[in-house]
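Student: Quick one: structure below, then a few questions.
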Amino acid sequence: MDENAIRAAIFIQKWYRRHQARREMQRRCNWQIFQNLEYASEQDQAELYKFFNDLIKHMPQAAGRKNQYQGSAHVSVLDDKDDLVEEFGDIVNAKIELPIRKNHIDLLIDVFRKKRGNRLHPKYVALILREAAKSLKQLPNISPVSTAVSQQVTVCGDLHGKLDDLLVVLHKNGLPSSSNPYVFNGDFVDRGKRGLEVLLLLLSLYLAFPNAVFLNRGNHEDSVMNARYGFIREVESKYPRNHKRILAFIDEVYRWLPLGSVLNSRVLIVHGGFSDSTSLDLIKSIDRGKYVSILRPPLTDGEPLDKTEWQQIFDIMWSDPQATMGCVPNTLRGAGVWFGPDVTDNFLQRHRLSYVIRSHECKPNGHEFMHDNKIITIFSASNYYAIGSNKGAYIRLNNQLMPHFVQYISAASQTKRLSFKQRMGIVESSALKELAVRMRDHRDELEDEFRKYDPKDSGYISISHWCKVMENVTKLGLPWRLLRDKLAPGTDSQKVNYNRTLDLLDTDVILEAEADGMSVMDALYANKASLVAIFNIIDADNSGEITLDEFETAIDLLVAHMPGAYSKAEMLEKCRMMDLNGDGKVDLNEFLEAFRLSDLHRKEQQDENIRRRSTGRPSVAKTATDPVTLLADKISKNTLVVEHDIDPTDCESKVIDPKKS
């Protein structure tokens, strides 16, 4: 081979390696955006848990008092006669009756896979939910699973409303049976659009094959989480005249879902993980039925909340493994812990287990080993963040408990038609849109901080100052230098035009995405039970009204134990503002109305800020070739999703050799 040919080969090799490195850097950057945003969002929601925890810890007299809202919500919901009414629109003519058998499963799959007209009659929805709750109630907290008869078992992770992935699993692996048992490891709903169908199908599978389907509870089997992440809105939109009754049945299902499973007494299957204080013996003895919501504590007559058992449930639902030693609070999620390999070894030794299968985290390949293969993460929702963002997977374990992984991507035909560049463009656009929506929550603060570094009002600041502001304000821990060209397009290599960043946040595609989302305040007001629980805790004398003295007592306790976390003066002023009729007391209606008005004012202020900015400061010209306009158009086009009937055969899958993985 002559010298020129060798040089050409080396040049091509260098170019290819640089290209591959750039692709991998882009993939990792997008993944970090998705994951950090997901954890930051859950951290917001976990603040509600923290608030309850602080109140109960420092107001122990409240923990033994009955929460009237919760107490009345669960007394007889399974025994009452259905008071369901007819729904408007198309209701499919599919009859479900007890006992549920395989023919009913086939009927449900055929109904649900259709893009349109996939609503069951509400009486059949109630039938499935009621019977499932009654049956689940009889199960232990930790379900024993055995391969003695079947010689194998399949474990699925998070599905998050991805009905297409569930149908792919059933198509590839077969329906449950005595020779083909399944464990579904929580997080059936939220985020995806077909959460109700996923939940109903899983519960129907359980009713049809009770000895071959095991359902574990995840952290999203919780009405507080559902209020934030879309499932409650999904049920309301599909059954607008019966959603309250259906959601009450769903709460009953949640409270009786088992907390985990143990396979052949050697493998623990739980949704999140564990901490250094987790005890399976204690978990087995907990009355799980009182934990309708993990994020909202149960308050019952004369029975103070046991924080130890509450923490046990919280840790197995919310925790994640870490590479470093020790057990520390999970600051990314704001709940649960990070547990290291030493914690895993100790936990397995104490409980005589071989390894643990958990879910709770999206992984690029659908699964991941950690802690010397003693922790296996399985995630079954493919295309979770965006089309092509990740593969889903499930595990098949044989009688020797050797795991075999099956990877898949649902709706494969949609990605086959796309080039790699197009797939990466879709993932990147989805990541940027989610990030921009999150940034809009801090838009005013971003603008104020940018201007501090621009005293001459030139519209430009240094790259380091731009990155510093982005991190200090959002606290997302992202590689901002890599994102600068995306979030401030069209700027030079030395300075950043921060107005480009602000203009991007005001584009139609970002405003529409923000409107489709739900804030913590939205979720809190939508889930009035949380507000009622807070009200009842502060109402020390159980009079049905909060006096200024009672409010001040609660504030004093919080301020004393958490200095700097709360401003007493500001909170007292907020209490006075809640007193709408000026009688010196705040009743429940005033308490709820104050939250509604506060959220309404917040939204009106956002609209006013947009109008003010459009006229109050010089904006970058919006032309067809303007960088911000081009980026917004790219995001809008690349995040367009067309719905089709679900075809479970439309998938790509392969079996992974566990030795190679």
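Positions of Cβ are set from backbone N, Cα and C atoms, glycine also.
Annotations per Swiss-Prot:
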{"type": "BINDING", "residues": "Asp158, His160, Asp187", "note": "Mn(2+) 1 binding site"}
{"type": "BINDING", "residues": "Asp539, Asp541, Ser543, Glu545, Glu550", "note": "Ca(2+) 1 binding site"}
{"type": "BINDING", "residues": "Asp579, Asn581, Asp583, Lys585, Glu590", "note": "Ca(2+) 2 binding site"}
{"type": "DOMAIN", "residues": "7-32", "note": "domain 'IQ'"}
{"type": "DOMAIN", "residues": "441-476", "note": "domain 'EF-hand 1'"}
{"type": "REGION", "residues": "105-413", "note": "region 'Catalytic'"}
{"type": "REGION", "residues": "606-625", "note": "region 'Disordered'"}
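Can you walk me through where each of these features ends up in the structure?
Tutor: The Cβ of Asp187 (Mn(2+) 1 binding site) lies under 8 Å from the Cβ of Gly157, Asp158, Leu159, His160, Gly218, Asn219, His220, Glu221, His271, Ser359, His360, each on the same chain and at least six residues away in sequence.
Secondary structure at Ser543 (Ca(2+) 1 binding site), as computed by DSSP, is coil.
Under a cutoff of 8 A between CB atoms, and with a sequence separation of 6+ in the same chain, the neighbours of Asn581 (Ca(2+) 2 binding site) are Glu590.
Note on the domain 'IQ' (7-32): residues 364, 389, 420, 424, 427-428, 431, 478-479, 482-483 of its chain, located 6 or more positions outside it, place their CB under 8 angstroms from a CB of the stretch.
Cβ atoms under 8 Å from those of the domain 'EF-hand 1' (441-476) belong to residues 36-37, 40, 435, 484, 487-488, 491, 494-499, 501-502, 505, 519, 609, 618 of the same chain, restricted to positions at least 6 beyond its ends.
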Student: Can you tell which of the binding-site residues Asp579, Asp583, Lys585 lies nearest to Ser543 (Ca(2+) 1 binding site) in space, using Cα positions?
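Tutor: Checked the binding-site residues Asp579, Asp583, Lys585; minimum Cα distance to Ser543 (Ca(2+) 1 binding site) goes to Lys585.
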Student: With a radius of 8 angstroms around the mean position of the C-beta atoms of Asp158, His160, Asp187, what other residues of the same chain does the Mn(2+) 1 site pick up?
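Tutor: These residues sit around the Mn(2+) 1 site: Gly157, Leu159, Gly161, Lys162, Gly186, Phe188, Val189, Asp190, Arg191, Gly218, His220, Ser359, Phe379, Ser380, Ala381.
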Student: Pick out which of the binding-site residues Asp158, Asp583 has the most other Cβ atoms within 10 Å of its own Cβ.
Tutor: Asp158
Student: Rounded to the nearest Å, what's the C-alpha distance separating Asp539 (Ca(2+) 1 binding site) and Lys585 (Ca(2+) 2 binding site)? Just drop the number here, would you?
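Tutor: Counting only the Cα atoms, the answer is 11 Å.
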Student: Find, among the binding-site residues listed as His160, Lys585, the one whose Cβ has the highest number of other Cβ atoms within 10 Å in the structure shown.
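Tutor: Output for this query is His160.
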Student: Out of Asp579, Asp583, Lys585, point to the one nearest Glu550 (Ca(2+) 1 binding site) in space (Cα versus Cα); all of them are binding-site residues in the record.
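Tutor: Closest by Cα: Lys585.
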Student: Taking each of the binding-site residues Asp539, Glu545 in turn and counting other Cβ atoms within 10 Å of its Cβ, which one has the fewest?
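Tutor: Least crowded of the binding-site residues Asp539, Glu545, by Cβ count within 10 Å, is Glu545.
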